[in-house]
Amino acid sequence: MALLSEIWVLMQKDFRLEWRQRAALNGMLLYVSSTVFVCYLSFSLRGGQLPAPAWNALFWIVLLFSAINAVAKGFLQESRGRMLYYYTVVRPQAVILAKIAYNALLLLGLALVAFALYSLVLGNPVQNVPLFVGNVLLGAVGFAGTLTLVSGIAAKATNSSTLMAVLGFPLMVPMLLLLIKVSKNALDGLEFEASRNSLLTLVALNLIVGAVSYLLFPFLWRS
Amino acid sequence: MKRNWWKALTVVLLLYVAVAGLLMPVPRLAILNESIRNLYFHVPMWFGMTAILVASVYYSVRYLRTPTPALDIKAHEAARTGILMGCVGLATGSIWARFTWGAWWTNDPKLNGAAIAMLIYGAYLVLRSSFTDEQQRARVSAIYNIFAFAVAMPLFYILPRLTDSLHPGAGGNPAFARYDLDSDMRLVFYPAVIGWTLLAFWVAQLATRISVLKLKVYEKQIA
């Protein structure tokens, strides 16, 4: 139980920090909005609608880049002194799980904002909205899980911002393929049965990511 | 000879594969024709790559438990050998695809999975080169090696089976074993798998020895 309360305290701290320095939060929201708007302008639609596969692919690419940017600062902003302080008061597992949970909530919020804006300017062809939102939720958790440990790894190296993308993108491809597949099913309004296998694979993948992060982070932390 | 019998076995097996693979009778199949002999060279590369990458992860896990430079060198050289096997596998596959499917590269899940695997291990090499401190490099790259393998590799064996593929054994295509891997071909195919896998381990062992010698020379120079 102590682990859960530690996670809770760390998450509260992260949210409070985020709320106090709203520059970062507003920056992320603005990043998402301007990306969506650039997409809208570059297709220069005149009342028409993007074909569903293009709409889908573009949406996930927007989410992928926002996720990389939002999560990258997770460990980079933690100063060396503060990490040393955590080292003395909490266990490493609590740090990584709290970061993953916090990033997942953050990404979910960003993704929902992006979805709202995106459907506002580019139209909303989604026919099965609950499945789509559930899929976005799984995607946010998965992106957060994968990228949090990667950002921890990248923060240790010298050229972290390049490394973040180089290390993160290939790892996210399997997840992204599954997400795009399920989201295409939701767009076409297929029944739940059609995407059940992919959803189960996604849940399993999220569990693997969480478990491996939980096991590996204590080693990363030691330096 | 007691410890090196497997090297003699490798030489014998691969000589046998080269001679028998090119001369033994093979089934006559439309489109594949004589190119089916590439089975003895293309497919074992992936078996060898998987085996040597598993070995790399094994050494990375051992490094995290007991950090010694030798284990780090072994994990690194095994990963590099895995990349070599993967490149040879891609090259042989590309030639095979050109003469059976009509293109050097097709949008096939197995090809994409192999390409992403190469990107992941490329990222591993980039990560290694962005550290100046050797201990930190060894630990962080071991963590990435384990994380990448656990997160991405299982899916390269699961995803192609869920989607359509030109490869046998996927998307409703019968596996090789079903119709054409007759007993004549098994006589060459199984030794080929063992031979090429052993060769991968031999290459990794030699590369490790060279690295250890280089490290010793370097230490002598700065001493």
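Backbone N, Cα and C atoms are what each Cβ position is placed from, and that goes for glycine too.
TrEMBL does not curate its annotations; it predicts them automatically.
Among the features that TrEMBL reports, transmembrane segment is placed at A:23-45 (among others).
Within the same chain, residues 24, 28, 31-32, 35-36, 39, 50, 99, 102-103, 106-107, 110-111, 114-115, 118, 122, 136, 139-140, 143-144, 147-148, 151-152, 154-155, 160-161, 164-165, 168-169, 172, 176, 179-180, 183 sit at least 6 positions outside the transmembrane segment (A:57-76) and bring their C-beta atoms closer than 8 Å to a C-beta of that stretch. Taken from TrEMBL, the feature transmembrane segment applies to A:57-76 (among others).
Sequence-distant neighbours of the transmembrane segment (A:96-120) (same chain, 6+ residues past either end, Cβ-Cβ under 8 Å): 3, 6-8, 10-11, 14-15, 18, 28-29, 32-33, 36-37, 39, 59, 62-63, 66-67, 70-71, 74-75, 126, 133, 136-137, 139-141, 143-145, 147-149, 152, 210, 213-214, 217. Among the features that TrEMBL reports, transmembrane segment is placed at A:96-120 (among others).
Annotation source TrEMBL lists transmembrane segment at A:132-155 (among others).
According to TrEMBL, the transmembrane segment annotation covers A:162-180 (among others).
Sequence-distant contacts of the transmembrane segment (A:200-221), counting only residues of its own chain at least 6 positions beyond either end whose CB sits under 8 Å from a CB of the stretch, comprise 83, 87, 92-93, 95-97, 100, 135, 138, 141-142, 145-146, 148-149, 152-153, 156, 174-175, 178-179, 182. The transmembrane segment annotation in TrEMBL covers A:200-221 (among others).
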### Distant-in-sequence neighbours of the transmembrane segment (A:23-45), which means Cβ under 8 A and at least six residues beyond its ends
58, 62, 65-66, 69-70, 73, 106, 110, 113-114, 117-118, 121-122
